[in-house]
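Engineer: One structure is given below, represented as structure tokens, and several questions about it will come after.
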Amino acid sequence: MLSKSVYFIFQDVQKHSVHTLVFRSLKRTHDMFVADHAKPVSLDETRYSCFVKQYAVFVLPSRVALTADTQIHRNPSEGGVHAMALALPPSQARYFLSDDSLLEGGGTKNSSLVARKAPTMPKPQWHAPWKLFRVISGHLGWVRSIAVEPGNQWFVTGAGDRTIKIWDLASGKLKLSLTGHISTVRGVAVSTRSPYLFSCGEDKQVKCWDLEYNKVIRHYHGHLSAVYDLDLHPTIDVLVTCSRDATARVWDIRSKANVHTLSGHTNTVATVRCQAAEPQIITGSHDSTIRLWDLIAGKTRATLTNHKKSVRALALHPRQYTLASGSADNIKQWTFPDGNFIQNLSGHNAIINAMAVNSDGVLVSGADNGTIHLWDWRTGYNFQRIHAAVQPGSLDSESGIFACMFDHSESRLITAEADKTIKVYKEDDTATEESHPINWKPEILKRKRF
């Protein structure tokens, strides 16, 4: 039935000659632009009518035959091309506005309808490769979290053995162990404003440790299930935690008051990040969304729904006003304050648990299968892949990255792993662009919106 109706419509079109159709199109175009005094109608009627005929050849069905007097002999004028392109949909107008589409009178090309070249990926910045520098052992369970203190002298780890350990950053030696949690320690953070260490765990507890006495001085009660991550606000005395109870909570550090309960996610909130600029709180969840929060109102500012899988990792660029989010489907980059999508970083085909970025534009993603991918932030080029061997005596299945972080000098990358070790990586000082060239080809960009 549909084919018959199409046939009758086509029969109606054929009742009019090509000549009639062409000049109807000419009249419509003339009426559209005749009042535009900034672009007066071209006096070169011959070239203009030839252009309209050429447009008819491009648009009309191929089964409509052209007569001898409607053949194209000359190329259109530039003014005519731009005038007609403005009247076309963007998908067709790009063919007319190509740099190569206009030929000087009597050109030799068969057709002036040349499509623009697709945009290509710019050449990425060269980065030195990273190599394994040190392996630190001491925990008796999966190492789940890392934090480096502001002075860059030591760092803290929390693990599945329910302990928090403090390590010397230069030597890798154990300085102190803190006990108090009764389940896995999932998050640690060191304050830049006071001598406090904050920790959270699967025991629903959030603790504040005084590092002068190495004792717990405050508890923050309120979460109804395991607390998976925490972060400190960089400029005010506020702590933000996120939990398996599908909420994030904002705490006043001094008074222990629950300032806001940020609700809206429909599944576990796996990660949270704070920054001084708006939005001041960003959360990623197993409901596959990212939420940008208004700290003052305690409400969602924007919800980013592009991911198809759980969002377990977020990384804020230290210099740019941008964000990266990691999921099993893709790594995505966004701009603040509204969360506009920039591009996908595809290729790390695993569950991404951790991400970190330094001011040189090196983005690191660590996955559940033990692989680490290093990316050029600007272009999204994957310049190195690392899969370090597990600790002797561990199973290959215990190869997993749970957390990663650059130290404050950004010369060392620290990873927390499932083989109960902490690994420290450094840039290869002997590498040069000649010895490690970029294996790059200007591929056509395929930036998906989702």
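Cβ atoms here come from the backbone N, Cα and C positions, even for glycine.
Pasting the relevant annotations from TrEMBL:
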| type | residues | note |
| --- | --- | --- |
| REPEAT | 136-177 | repeat 'WD' |
| REPEAT | 178-219 | repeat 'WD' |
| REPEAT | 220-261 | repeat 'WD' |
| REPEAT | 262-303 | repeat 'WD' |
| REPEAT | 345-385 | repeat 'WD' |
Engineer: Other than its close neighbours in sequence, what residues sit by the repeat 'WD' (220-261), given a CB gap under 8 Å and a spacing of at least six beyond its ends?
Structural biologist: 183, 186-189, 191-194, 196, 198-208, 267-276, 280-281, 283, 285, 287, 293, 295, 298
Engineer: Is it possible to list how many residues within the repeat 'WD' (220-261) are helical, extended or coil according to DSSP?
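Structural biologist: Residue counts for the repeat 'WD' (220-261) by secondary structure: 0 helix, 22 strand, 20 coil.
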Engineer: According to DSSP, how is the repeat 'WD' (136-177) divided among helix, strand and coil residues?
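Structural biologist: So the repeat 'WD' (136-177) is made up of 0 helix, 24 strand, 18 coil.
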Engineer: Can you give me the average pLDDT across the repeat 'WD' (136-177), rounded to a whole number?
Structural biologist: 97
